[in-house]
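Chemist: Copying in the features that TrEMBL gives for the protein in this structure:
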BINDING   Arg194, Arg238, Ile239, Gly240, Thr241  phosphate binding site
BINDING   Gln317, Arg319  substrate binding site
COMPBIAS  10-20  compositional bias 'Basic residues'
DOMAIN    154-404  domain 'Nucleoside phosphorylase'
REGION    1-57  region 'Disordered'
Amino acid sequence: MSNRVVSPVVRRRPLGRRKRREEVRAGRGRGRGRGRWEGGAGGEGRGRAAGDPPAGLARVYPPGLRSLAGTSGTCGGTALARPQVASLWPEAHTCGGPCAVKGLRPALCFREASCRDFVRLSNPHLATMKEDVLYHFSLSTGTHDFPAMFGDVKFVCVGGSPSRMKAFIQYVAVELGLDVPGADYPNICVGTDRYAMFKVGPVLSVSHGMGIPSIAIMLHELIKLLYHARCSGVTIIRIGTSGGIGLEPGSVVITRQAVDPCFKPEFEQVVLGKRVVRSTHLDEPLMEELAQCSADLGEFPTVVGNTMCTLDFYEGQGRLDGALCSYAEKDKREYLNAAHAAGVRNIEMESSVFAAMCNACGLRAAVVCVTLLNRLEGDQISSPHEVLVEYQQRPQRLVGHFIKKRLSAA
């Protein structure tokens, strides 16, 4: 027997799209999606925001959803998230924003446009926590005012090295006209040596270390930080270095898809002994916008291509110069040629989990890396130090130009 909560109303046959919009505006029609407005004539409702239920109407929920989502109130940061409603709607989320019913998919939020821009979490257990300790950042919701510290963040840039990320925030401060002569930019995570974090204006710069485990730990805590800070409309970009495939050293690669060593656009992780696979989809309009920014600069060669993410710098990337090597040079050459044929233009060790986690949490994300060598020609990085330093600044200049252009257009 169904446990739907309904108002006494006669159900009607499906209406055409135009007719349905007219009736919804008149206060007597069905909303979009699986939930519906049902009840009295409605249509009044003073102060009602766009998308709110007309006065006198009640939402009809699929079985079991009312007990999960609640019937009213604002999100208020409660982490009621995807796993609780996955059997109903796989794309359900906690928006962190001002939607009137928690846990609904974006198309069913009462204020759909505003909800889409908020960071969403996929962990229902956070709702029971009085304090959230971000251990590896040495930050906590019990001791720090996250909205006051980070609520204005719109751009997050992450990279491997703490010194490189501090250099980036100094560069961005100058680009945005926010620098103060002689000013230092202190490490917000001063209580730990795991990661470093710097901020100027709406830009947050965070180091993530090397490899999938290190960046994954950082991303868990970074995404929760953005959520607790009630950040909205956030764009997150990984900037870093990589090995190129068929590209000259110093070329910048904007990632189209992050792929695994088998060239599949997915990230696989074992959770509680079970294989979990997540999509590594990246924001295509953001990718195109970054490509246009590089064309505007015209300072260095830039390509859009797939980025292969590996678990290792040596054998995992087909190098012949590691302490271990279980293959011949011919095998390496065939593998790298196959990668190039699959659209792979560079190799690094973070992009797949970065893309998967950002995608799962509703963050617009991109990866911009410079190539330090052409792997079809060798394995060792032998360019002079000053040349490598200039190479590493190229993604910073591109992303800095992108941020400046975005803010100028706002």
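Glycine is no exception: its Cβ is also placed from the backbone N, Cα and C atoms.
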Chemist: Just to confirm my parser: what is the rounded mean pLDDT across the domain 'Nucleoside phosphorylase' (154-404)?
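Modeler: A mean pLDDT of 97 is what the predicted model shows over the domain 'Nucleoside phosphorylase' (154-404).
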Chemist: Using C-alpha atoms only, work out the spacing between Arg194 (phosphate binding site) and Arg319 (substrate binding site) and round it to an integer in Å.
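Modeler: Counting only the Cα atoms, the answer is 28 Å.
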Chemist: Looking at the binding-site residues listed here (Arg238, Ile239, Gly240, Thr241), whose Cα lies nearest to that of Gln317 (substrate binding site)?
Modeler: Thr241
Chemist: Count the other Cβ atoms sitting within 10 Å of the Cβ of Ile239 (phosphate binding site), across every protein chain shown.
Modeler: 27
Chemist: Record lists Arg194, Arg238, Ile239, Gly240, Thr241 as binding phosphate; longest Cα-Cα distance in Å?
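Modeler: Value for the max Cα separation, rounded to a whole number: 20 Å.
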